[in-house]
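These come from TrEMBL:
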- B:G24, B:L25, B:D26, B:N27, B:A28, B:G29, B:K30, B:T31, B:G70, B:N126, B:K127, B:Q128, B:D129: GTP binding site (BINDING)
- B:T31, B:T48: Mg(2+) binding site (BINDING)
Amino acid sequence: MFSLFYGLWKYLFSKTEFHVLILGIDKAGKTTLLEKLKSLYSNLEGLPPDRIVPTVGLNIGRIEASDAKLVFWDLGGQIGLRTIWEKYYEEAHAIVYVIDAACPSSFEHSKSALEKVLRHEDLRGAPLLILANKQDLPGSVSVEELARYLDLKELDERLYMFEAVSAYDGMGIKLAIEWLVEVMERSKRTELLRIRTGAAGHA
Amino acid sequence: MGILFTRMLSSLFGNREARILVLGLDNAGKTTILYRLQMGEVVSTIPTIGFNVETVQYNNIKLQVWDLGGQTSIRPYWRCYFPNTQAIIYVVDSSDTDRLVTAKDEFHAILEEEELKGAVVLVYANKQDLPGALDDAAITEALELHKIKNRQWAIFKTSALKGEGLFEGLDWLSNTLKSGS
C-alpha cells in the first residue's frame, strides 16, 4: 500500500529528467554551447571557449531550467564519429542542432547531416531546436536566411524552432532553452519515453 | 611537457587525494605510457595478494596501473584501489583485433563498479604505429563506448612508443575534470 502511494507521489511530484542531444557538424560550437549552458544554469564555471578542443566522445552537462532537469549529451561532430550519434537517439527527448551561421560554406554539409538525423526512425516526434550559432561574429546570417537555405522538407509534424544564438557570449540561449523545456513537457515523445522507462522499471 | 601536465593536474585537485587508474589488458602499452608521461619514478610492486600494481605518485595524485583479464580469484582485491578515483584511462592495443572482445568485456565490467561510478573515462587507442591498427572510430565501435551514457568519455589515437596523442588526451582529461558536469 505504501509503495502504491509512494509511486503515485513520485509520479506527481518528481521532476522528469529530459535527455537532450546536441548535434551538428564539427566546429559548429556544440561544446562551447554546453559549457555556456553549465555556466548560465548551474554554479559550475564552465570551460572558457579558448580551452575547448574538438570532442572525440561524449560530454555531459546537467542543468535545471524552468523547473525541469535536463541532461545534455554533446557528441563529437567529426565524420568518423557520427556513427555513434544514432546510438543515443532512442533515449533522447529532443535534439538541439547547432550550425555555424558565420560559415555559409558549411551550410550544405550541415543540411545533409541534419536531414540524415531527421530521417532516423528512433528520433520520431523528437522536438528540434536549430541554433544559428556564432551571432557574435560579423557576417553571421540571420535565422530567416538560414531557414531559407536549409529548406527542410521533413519538419511537418515535428515541433521545431529556429533561434539565433551566440554560445560565446550567451545571447539567445535562455530563450531557446525555455522553448525547449516547454515543448518537451507537452510532446508525445516524452509521454512515450516515460511509458517505456516506466515499463522497464517495473519489469 | 610531462612536468607541465603534472603541474596542471596538481593545481586542479588542490590538496585533495586523487587517483587515476590506468587499465587495460596485458601488453596494451600501459607501462610505456607511464614512462612517457615522466611523472616521476615508476614503482613496481607485487603485493602478497598476487597482482602487480605500478604506482606513480606526484604530490597528491596517484596513477595506478594494473592488467585486467586473467585470474578471477584476485579481482575482489582490485576494489582496494577504487575509492577517490576521478578518472580511468583505458588503454587498448588497437592492432590486437583478436582480443578486442575481451578488452570490451573487461572494460564494461570495471565500469559497473559502484565506487567508479563518478569517474570519467579516457580511452587510448594505442599502438597506432603498428600496421593494421584500427582507428578511433573503429575502436569506439569495438568497445561499444556508446553504451556509456552517464559519464563523460573521450577516445584518442595514441602511440606510446612515439609519444603521440598522449598529451592531447590528458588535456581533455584535465579540462573535463575542471569543468564538471
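In case you wondered, yes, glycine gets a Cβ from its N, Cα and C as well.
All annotation found in TrEMBL is predicted automatically rather than curated by experts.
The number of other Cβ atoms within 10 Å of the Cβ belonging to B:T31 (Mg(2+) binding site), over all protein chains shown, comes to 17. Taking only the Cα positions, the spacing between B:K127 (GTP binding site) and B:T31 (Mg(2+) binding site) is 13 angstrom. In the three-state DSSP reading, B:T31 (Mg(2+) binding site) counts as helix. Proximity of B:D129 (GTP binding site) to non-local residues of its own chain (separation of 6 or more, Cβ distance below 8 Å) is seen for B:S159, B:L161, B:K162, B:E164, given in sequence order. When each of the binding-site residues B:G24, B:G70 is scored by how many other Cβ atoms sit within 10 Å of its Cβ, B:G70 comes out lowest. Ranking the binding-site residues B:D26, B:K30 by the number of CB atoms within 10 A of their own CB puts B:K30 at the top.
On a Cα basis, B:T31 (Mg(2+) binding site) lies 11 Å away from B:G24 (GTP binding site). In three-state terms derived from DSSP, B:D129 (GTP binding site) belongs to neither a helical nor a strand segment and is classed as coil.
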